[in-house]
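Read the structure below first, then the notes.
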Amino acid sequence: MADHKPKGISRWLFTTNHKDIGTMYLVFSFIMFLIGGAMAMVIRAELFQPGLQFVDPNFFNQMTTLHGLIMVFGAVMPATVGLANWLIPMMIGAPDMALPRMNNWSFWILPAAFGLLLSSLFMEGGAPNFGWTFYAPLSTTYGPPSTDFFIFGVHLMGISSIMGAINVIVTVFNMRAPGMTLMKMPLFVWTWLITAFLLVMVMPVLAGAVTMMLTDRHFGTSFFDAAGGGDPVLFQHVFWFFGHPEVYIMILPAFGIASAIIPTFARKKLFGYSSMVYATASIAFLSFIVWAHHMFTVGMPVKGELFFMIATMLIAVPTGVKVFNWIATMWQGSITYETPMLYALAFVILFTIGGFSGVMLAMTPVDWQYHDTYFVVAHFHYVLFPGAIFGTMAAVYYWLPKWTGRMYDEKLAKWHFWLSIVFVNLTFFPMHFSGLAGMQRRVPDYAIMFSDFNMMSSIGAFGLGLMQLLFAWILIKVCILEKGEKATDQVWEGAEGLEFTHMPSPAPYHTFDTPPKID
Amino acid sequence: MSLFRKMALIIAAISVAVLSGCSGQEYNMREGVTEISREVYDLHMIVIWVCVVIGVITFGAMFYSMFAHRKSKNPNPAKFSHSTTVEIIWTVIPFIILIALSIPAVSLLIKMEDASNSELSVMVKGYQWKWEYKYIDGDDNLGNDVSFFSNLDQASRDLSNNAGSGFSGVEITDENYLLEVDNPLVIPVDTKVRFLVTADDVIHSFWVPDFSVKKDAIPGFINEVWTKVDEPGIYRGVCAELCGKDHGFMPIVVKVLPKEEYEAWYAEKVAEAEAGPDLNERTMSQLMAEGEVAYNKYCSSCHMPNGEGNGPFPSLVGTEMVTGEGTIEQHIDVVLNGVSGTAMQAFGNQLTEAEIAAIITYERNAWGNDTGDKVQPQEIHDIQNGGGE
């Protein structure tokens, strides 16, 4: 069957094909990852030693702000949406996403949104400089003029995410092949379905927060201004009501990825499938009632602090269940260590380290010492870099042969993995120490007792930055130079799931024109 | 496996080398000098060890499986995929551990939040980018006689700006670099001191690690936090909440004195306040000299030492308001009252009359502005106290 699709640029502009859109999301997120990473390099260069050597403090703040925003909204989130686009229809036996035109639109909004955000770098007064959490009144009364471009950009990203999420929900509920019951769906589909619900529930809250900022800035309201009867802390409540579920939006798809990869390379079924589903759902539920653990120092009533502390600590229970299930999946399996498996295992181990520091941070009395220090920076980079991003890399290595029909260069990929492991730990582990010793976040300069750990972090970060260029080269070799062995249809010896059992490699442009039969 | 082992060895070697090279202060939370801070430290160590034990067990099982259940050792995978018993066990055990951890945390938190029966109250107010301390001396004296601002010391600021560029910067060796101020907060030892924390502009956060005190300073709201320090000494902290450009340059220094010394210090401060401001007339060169010092301390972080401004902060060189004829009153007004909606603060209640007069004179005559205008402390005093004459 011939694929009829437009040639050249119009194929990509007008496409409604889930595979093309998935590819565009992934390419876009990788470009954003490199841009956000370049900003991290500026940050780490400035922090290489005490003193101001490279940039002035105001520009430094613009870098930390844009690094955070771009990595969260531009790199991690679109990457998982790209994976969802590619994989969900193939995993549930659907021919495409349920709402293909909306799918195209939700992608093409993104370049506009990030164009707006990045253009602020070239404006008078500079880019947003108030941190990715944009606390009022630093971002309202005191924000640079470009803040309005940031607000509009966030609105666009929100629209894009909400549409993407609606598409996933509608697809999963309506497009499953006959016999593909909910409790037979691959865990990646489950985690993404739950992620999608989180997205539709919290992105409007974020939109509300930035809209209130906009009216505070220009239309005389005082939501966040005490002088007009408002409350700056209200901003933080609204922001973190979005912000905490947001961290699960970024990590849940990676949970699904690990749950797909570990059974394949352990050649054993996923342990405790249903408890994995329930654990994911409980994490999602709990994520709505813990937001104020980001705000233990704002002066909440002690009862409020106790509630948020205990609720937060409870998240460790379902998260622990997931980790134990992954280990039980490996137990008495027959394990091999191809690159996707290495990344998935590194994800489990390093994400768990981020989980441990999470439990520490949850405890209010000690959080007073950790809050807003590099300990927090270490914590969330452990769950995001070796967590969400290693998860995504595992996914790319795992499904790339299915997407392109070619195996990547395993030797280079192993180098990429092992060096990444060294550099990621060299970058982020010393941050625990500098944070505990008393170094606060978001500063361009620091006291000399933090010098050694900062220099280590910087060296690690430069190495980690280089590793991404190696990753780009591995991908270019497969995708553009079309080098590499031909992949088999099953790709991996132990792979299960419709995308490996019911279609050739590479997956044809249209799959499941007629739904597969699922027993 | 050999590659894996090598990597693990390298990582272990690096961490051992690193940790053995520095003292506990440099990589762990400090115990501090209050009962609360020591309890916080103990709880922190308990949680760390709990995490380490859980980590060793979990990762131990995982590494064992990675090693023993390799395909080459275990070619035929087991078939099990479910066990309600173990799933219940590993749900319940973490739950119990967490409850056990939360018990000491709850009681400690309740203690930390109880600021009642304090013997001294100090208002701590954050500004971009300095702190103001105001002593509230019992119920009978709400006059707030003693209050002062605390800025980053000039030596740190100079070092920071002159650290060279690129990776071949000047090596900074001053131990208190970025941790020194001109006027430290002074409190007595063995006294329950309550800090009333607020801010003037954006959110700051008052953090002194040795006291285990961290509280956000929020404009328009007052937060309460307390400490009772055991040992006299000098304790250093920083602003912990991003508050704009110089967030990293507004340290906190607390000098804890024995009670008698504190009383003497306080009496001296009261006497100073009662003596009133120094309004003596100054010559042009005196004004310029004092102005240069004050400008560099209070103004140069935004308007830059050369007066040319930076990004959103306007230049003062040749600007109409600074050099134009008859603009002197407007210039004074901006310095005293600030420009609302911008980072330009109202310096009227932060600086002395003499400092303001010197700064304005300096700005109107430095960097080739050369207007010849001179402002005396008395004029500033009259404007501040006469208002609309």
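From the backbone N, Cα and C atoms, a Cβ is placed for every residue, glycine too.
Please treat TrEMBL annotations as automatic predictions, because they have not gone through curation.
For A:12-519, the entry in TrEMBL reads domain 'Cytochrome oxidase subunit I profile'.
TrEMBL lists A:21-43 (among others) with the feature transmembrane segment. For the transmembrane segment (A:21-43), same-chain residues at least 6 beyond its ends with a Cβ under 8 Å from one of its own Cβ atoms are 12, 15, 54-55, 60, 63-64, 66-67, 70-71, 74-79, 81-87, 97, 103-104, 107, 110-111, 114, 118, 389, 396, 403, 461-462, 465, 468, 472, 475.
Through the fold, the transmembrane segment (A:63-84) approaches residues 21-26, 28-30, 32-33, 35-36, 39-40, 42-43, 55, 106, 110, 113-114, 117-118, 121, 127-134, 150, 154, 157, 161, 164, 168, 188, 192, 195, 246, 249-250, 253-254, 257, 384, 388-389, 392, 395, 399, 442 of its own chain, all at least 6 residues removed from its boundaries and within a Cβ separation under 8 Å. TrEMBL lists A:63-84 (among others) with the feature transmembrane segment.
The transmembrane segment annotation in TrEMBL covers A:105-123 (among others).
If you look up TrEMBL, you'll see A:149-175 (among others) marked as transmembrane segment.
The feature transmembrane segment is assigned by TrEMBL to A:187-214 (among others).
Below 8 angstroms of C-beta separation, residues 72, 76-77, 80, 83-84, 186-192, 194-195, 198-199, 202, 276, 280, 283-284, 287, 322, 326, 329-330, 335-338, 340-341, 343-345, 347-348, 351, 380, 383-384, 387-388, 390-392, 394-395, 398, 492, 494-497 of the same chain, each at least six residues beyond the ends of the transmembrane segment (A:247-265), sit close to that stretch. Under the heading transmembrane segment, TrEMBL lists A:247-265 (among others).
Through the fold, the transmembrane segment (A:277-294) approaches residues 183, 187, 190-191, 194-195, 197-198, 201, 236-237, 240-241, 243-245, 247-248, 252, 255, 300, 304-305, 308-309, 311-312, 314-315, 317-319, 321-322, 325, 361-362, 364, 367 of its own chain, all at least 6 residues removed from its boundaries and within a Cβ separation under 8 Å. According to TrEMBL, the feature transmembrane segment maps to A:277-294 (among others).
Here the transmembrane segment (A:306-328) has Cβ contacts under 8 Å with residues 255, 258-259, 262, 270-272, 275-276, 278-280, 282-283, 286-287, 289-293, 296, 300, 348, 352, 355, 358-359, 362-364 of the same chain, all six or more residues outside its ends. Here TrEMBL flags A:306-328 (among others) as transmembrane segment.
Residues 251, 254, 257-258, 261-262, 264-265, 293, 309, 312-313, 315-316, 319-320, 323, 326-327, 370-371, 375-376, 378-380, 382-383, 386-387, 390-391, 393-395, 397-398, 414, 417, 421, 424-425, 432, 492 of the same chain sit 6 or more residues outside the transmembrane segment (A:340-362) yet have a Cβ under 8 Å from a Cβ within it. Taken from TrEMBL, the feature transmembrane segment covers A:340-362 (among others).
Residues or ranges marked as transmembrane segment by TrEMBL: A:382-400 (among others).
According to TrEMBL, the transmembrane segment annotation covers A:412-433 (among others).
With a cut-off of 8 Å between Cβ atoms, the residues of this chain six or more beyond the transmembrane segment (A:453-476) that come close are 30, 33-34, 37-38, 40-41, 44-45, 47-49, 385, 393, 396, 400, 408-409, 412-413, 415-416, 419-420, 422-428, 430-431, 433-434, 437, 439, 446. Feature annotation from TrEMBL assigns transmembrane segment to A:453-476 (among others).
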Per-region confidence, the domain 'Cytochrome oxidase subunit I profile' (A:12-519) (mean pLDDT, whole number): 95
